[in-house]
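See structure below.
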Amino acid sequence: MNEKTRIGSSGHGKGRDPIVVVHAEMSTRAGGMLSARRDTSSSPRYLKEAKTQRGEDANLSVYTDSPDLTPCFQNSLLVWVPCIYLWAALPCYLLYLKHHRRGYIILSHLSRLKTALAILLWCVSWADLFYSFHGLVQGWAPPPVFFVSPLVVGITMLLATLLIQYERLQGVQSSGVLIIFWFLCVVCAIIPFRSKILSALAEGKISDPFRFTTFYISFALLLSALIVSCFREKPPFFSPENDDPNPSPEASAGFLSRLSFGWFTGMAILGYRRPLVDQDLWSLNKEDCSHMVVQRLLKEWKRQQKQAAGPKAAAAFGKTVSGEDQVLLGHRPRSPEASFLWALLATFRSSLLISACYKLVLDLLSFVNPQLLSILIQFISNPTAPAWWGFLLAGLMFTSSMIQTLIVNQYHHGIFVYGLQFRTAITGLIYRKALVITNSVKHQSTVGEMVNLMSVDAQRFMDVAPFINMIWSTPLQIILTIYFLWQMLGPSSLAGVALLILLIPINGMVAMKMRSYQVQQMKFKDSRIKLMSEILGGIKVLKLYAWEPSFLGLVEGIRQGELRLLRKGTYLQAISNFIWVCTPFLVTLITLGVFVCVDENNVLDAEKAFVSVSLFDVLRMPLSLLSNLISNLIQASLPLPRSLSSLTLYTLVLPGYAITIHNGTFTWAQDLPPILHSLNIQILKGALVAVVGPVGCGKSSLVSALLGEMEKLEGKVSVKGSVAYVPQQAWIQNCTLQENVLFGQTMDPKRYQQALETCALLADLEVLPGGDQTEIGEKGINLSGGQRQRVSLARAVYSNADIFLLDDPLSAVDSHVARHIFDHVIGPEGVLAGKTRLLVTHGISFLPQTDFIIVLADGQVSEMGPYSALLQHDGSFANFLHNYAPDEPQEHLEDSRIVLEQTDEEELLIDDTLSNHTGLTESEPVTYEVQRQFVRQLSTMSSEGESQSRMVPWRHLSQSEKVVEAKKTGMLIQEEKAETGKVRLRVFLDYAKAVGLWTSFVICVLYVGQSAAAIGADMWLSAWTSDSMAEGRQNNTSLRLGVYATLGILQGLLVMLSAFTMAMGGVHAASLLHKALLYNKIHSPQAFFDTTPSGRILNRFSKDINVMDEILAPSILLLLRTFCSSLSTLIVITVTTPLFLVVILPLAVLYIFTQRFYVATSRQLRRLESINRSPIYSHFSETVSGTSVIRAYNRSHDFQVLSNMKVDTNQKSSYLFIVSNRWLSVRVEFVGNCVVFFAALFAVIGRSSLNPGLVGLSVSYALQVTSVLNWMIRAMSDLESNIVAVERVMEYSRTEMEAPWVVEGSRPPEGWPLHGEVEFRNYSVRYRPGLELVLKNLSLRVRGGEKVGIVGRTGAGKSSMTLALFRIVEAAEGEILVDGLNVANIGLHDLRSQLTIIPQDPILFSGTLRMNLDPFGRYSEEDIWKALELAHLHKFVSAQPAGLDFPCTEGGENLSIGQRQLVCLARALLRKSRILVLDEATAAIDLETDDLIQATIRTQFDTCTVLTIAHRLNTIMDYSRVLVLDKGVVAEFDSPTNLIAARGIFYEMARDAGLA
């Protein structure tokens, strides 16, 4: 919670927040109600006497040492007040109970006792009434009040009795309404209690024994009723089933516990004893839970839209779009009247209304203490005044402050909770929106931007919540202040008001300027986070290409722009601070200056001076918050236009066909040209249909069109039945393998087993450390490409859908595994036989077994029909088949299938291509132990906070313990650990160093100087008011005014100077810390990124850097300001009333005791909140990347529930953090109220030795102390909470780094490598210390210019070789020589820039095509076009209007995977290095393009050394040599013909592929 928010909240300066009790009122009351006489006699004679003596009695009652109220007043008004309260509260209370029924409570002993006491009180009042009637019968007529009062009390007691029972039936455990009623009854009875005793003592007898007795009986009963009502009942009997394991005690807390937040004390004690963990946190209240809050907002938003669109538009809209698809974060173009902000406010209107009522009472109460101060100064000035006046005033000040404390904390609790609900609702809406956005929106905004929308913008709404009531509250406070100042100073007060009005536009201008900077800064921040998100996604590619410096430069460039704006903004903030500090002072100065200068007879006495200062102090908060309010409203209004558009889902169904497209034309976005034209396709139910065609012809787009992911420009589409979708790039969740396959469905063991078996996953389960309970890392990081694809396929098989859309699932697996999957899953005899299957494929061997083939070319259907018909047709497809089909007859295929089934299936199936470079497990031998140990040691916990089910040990695990811990689980991703205990001093020191030690020292000195100037100015004012007067006027007015003005302006200048210094230091620190974090992350080894979720790293770059940019410096300034302020208050009070020293110690002990409990708990709550935030964003970015799969499987609702759970986990710590602030506030403000009480009390006791000026000074300082003390703890806690951001950033700035990029003393010679010779000498490598070797004593030599194919079964170490060559993993022993140079001795960039790789996963970055090919701008345009031509992309690029500046979206989403692979080839062609590594580079490409590429490689890299990890063996059959790896050692290494002749491992593989 940032500083602005907090100031906004707690700001109605507690001690200075006062009500209006005018001095005159006391005398009127005295005239009407007070009497020195003490007599309760009811005789008419006495009453007549009283009337005649009223004039004298008034004076006697006020100016007496023993005051009292008249019997008439005591018997009427004092008796009626509690009754009036109960009847007034009744209608609202009954309405509340009607809507909040919680079951009923059984009749307990407590309930019986409450009822009995109320009935007895009713009997006593009835006895009083009958006694009055008895007097009437006897002939002495009692006054009417003795009939009216008992009757009123009797009926009210009957009401209280009925209310006790009604509350019990409604399930109310503790009644606030009745507690207040009994409390009022007891308070009002205290005065008669004293009067009757004094009267009896004075007269020596009891004048009316019956009423005397009934009064004391009723007093005893009232006191008992009050005490009994403070106890709460048992929980309701038939309340809704509550199976919550850790329910919040708030729901069942008593009224007093809720009022003082006492129910939180248990958590505070627990947090003090040991650091809190997630399991300690109580569950949320039902109304705060995510699903409830989001539903309320959705309902209101729909209502707003209906009203805005009118009935006709609403009806039309309802036909096409389902409920949640309507949600828009922002204004709909069709109905601009439907305002999201209004919908938000309307959803929480009841909370807003209640908070507004609290705020109104608070604003009125804030003027009470200045009035009481005025009376206190008059009392000190009048030595003859009775002492009880002073004690009464001190008591009233304390009572007024305590009432304010209780109300202000209820108010703040309310506003912060609905602020939290704002955030929950918006987060929920953005998530739901993300599930239904179209691809055109996806292309416009990246995942990073959408995460930013959820994290930053939702937080802005939360920050604006506390300020909403300021809109009407600030003008009200200004008007009331002006009114009271006019009463005090007359027209002179208008001078101050004029200055205030003058300063508002200046404040406004500063706020507007800050807004414009904020807007620009948000753009920079968005683009920086977007870029960081891409860098983290493609970090491996950057490392392999040695492109880090280019992207480092891009991030630094954006950051510089961001810091430039930040610097300007903080300077403006410093000016704003100057205005904030100087405004109240200048207003006071001008007002008092005009007052003394306008008329020489105007005397500035203590009352006028200090009451004016107190009133201006009341005004200081709302004025300072006005600019905050403006800027916060601006910031919250910014995200509103960032709207997301809705998605059209196809629902039209035609009978007979499972899939029908009639004249369909589709595009990715309305403003882009169509991708698919005039499609007419009909697919029968149960058919197997293949979709074939060259790269970029629209095969994947056709699948997307059927899923409703593309925009339909014309035509009709129908998809009949449920859909399962296997995307070309498998989308894997960060959860267990089993959860990935089940995908939210219930477990059916038989079906599950079948899915694993048919998708060839059983062998993989043997290898994975936790079997199917192994946790899969983010984006499937610890699975190979083939395994990911098979998991994705198993998910489809298990879903048991009607229609299967399979987008090239066989390209990522080896040919024999592809054959197994086709036969057992997709083909005519597979488990999906009878289902409708649409298969996009490049594998021509499967085509004869399909029912129907669709051939696409340039987004249109070129041919369509069964396999045999197309062959006879003799079109382009038939020619293509004749060129690329294997020559061997069909029988041979059958033979190979039989052989396949006979071979040891486990061994065969595990041989899937595991070499996609993102995984780490793929390159290890297939020994179970190694595999298990490898993933085990990676970590113990998941990032998603699975710790709900396991206690996290709060200590650092040693390496061996980690391994043991991980053995029990299959976890890969380490759980983000919360730091515990105090923030280490080192963190503060790190930040101070980043700011600059001298700068930090100067800031502290400036603040001390500012406080000294403030005390000096106030002391001077005190001395001025005590100046002796000559001839009715003060001398030396101009000197007094001049010095006062000088001191005040000095104070303002020092504040501004310190703010400027802090601004410079803060920006400098933010710059340094970001640079250190960025530098470390770019230099981190690949293993770090494989085991750390990107969301966690992004959280450092977004949220934590944001805290350092914008929140940390103001937090430090706030702490300094409040510390100096509270210190100066104690100094001033102690100097004026030394007796105050007596109470300082106990109050300080109480304060420190509270502070220690609070800080320990709140710090840990803030840390937990920070850690529980990451999974929300990780889950969100995972969802955004998998929306098409989630929608295809119709699992949107399940994912919403999952998101709600993660949000609720985060809200638990946020909610308790808010409560901890309120808990603290009540207790600390009690200490502050005691300071006010004792300052006033000691002023009264020592009034003989004090002048009014000193008392005014002392008490006006004391009135400020409540809020200052509160702010000081909050600022300390805030600083501790926010410095955690520095701790987290420093943690990631100090992780282990890879070897240096350039080693100056050991650079390779110019033109190296000249020959491209690669030699491995006794080379061994392991992934981590303590693991087994994945390559063992590898010794081989590849001659310069040689073409070597690398093959081997899964885990043979194929990828490890390439990773080792690029030093992504470092050698355990041995060495690699390139042209005789040991690669371990040179810098990483010197090595990597001289090698070229075409990776299996083609990764592109958002930016132009030119940037993706040549980020350093080293090549000419001619070179680039030539490379594109050789990569067969020339035609595509030249067809684009932008040419080389064609914009690629994030990850290259707007190009097909085949096209992306060709871009990677073009990169390689540009680099022209002597050594080229191909890693399954042509798996996603059709055979025709593959042939062209192979030809290009042969011609363009004919003199280069080429190492190819092969999928399709036919691509390496003409290579010089083939290296066969087996379990990390060289099994065979010779020419392909020799190896086939040797009939070893290679021969078997060639035979399986039909090549031998």
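Keep in mind that glycine also has a Cβ here, set from the backbone N, Cα and C atoms.
TrEMBL labels come from automatic prediction, so no person has curated them.
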Check your understanding: To which of the residue ranges 34-53, 774-793, 1194-1213 does TrEMBL assign the term region 'Disordered'?
Key -> 34-53
Practice item. For the domain 'ABC transmembrane type-1' (1001-1281), name the stretch out of 353-635, 659-883, 1320-1552 with the most CB-CB pairs under 8 Å. Key: 353-635
Point to revise | Contact yes or no, the transmembrane segment (77-96) and the transmembrane segment (492-510), 3+ Cβ pairs under 8 Å, gap 6+ | key: no
Review point. Tell me, what is the mean pLDDT of the domain 'ABC transporter' (1320-1552)?
Key: 85
Revision key, fill the gap. The answer for the transmembrane segment (116-133), taking Cβ pairs under 8 Å and residues 6+ beyond its ends, is 142, 146-147, 149-151, 153-154, 157-158, 160-161, 164, 210-211, 214, 217-218, 221-222, 224-225, 228
Check your understanding: Which sequence positions outside the transmembrane segment (145-164), separated from its termini by at least 6 residues, show Cβ-Cβ distances below 8 Å to it?
Key -> 42, 72, 75-76, 79-80, 82-83, 86-87, 90, 111, 114-115, 118-119, 121-122, 125-126, 128-129, 132-133, 135, 175, 177-178, 181
Study note, to complete from the structure: The answer for the transmembrane segment (176-193), taking Cβ pairs under 8 Å and residues 6+ beyond its ends, is 40, 68-69, 74-75, 78-79, 81-82, 85-86, 89, 93, 160, 163-164, 167, 215-216, 218-219, 222-223, 225-226, 229-230, 255-256, 258-259
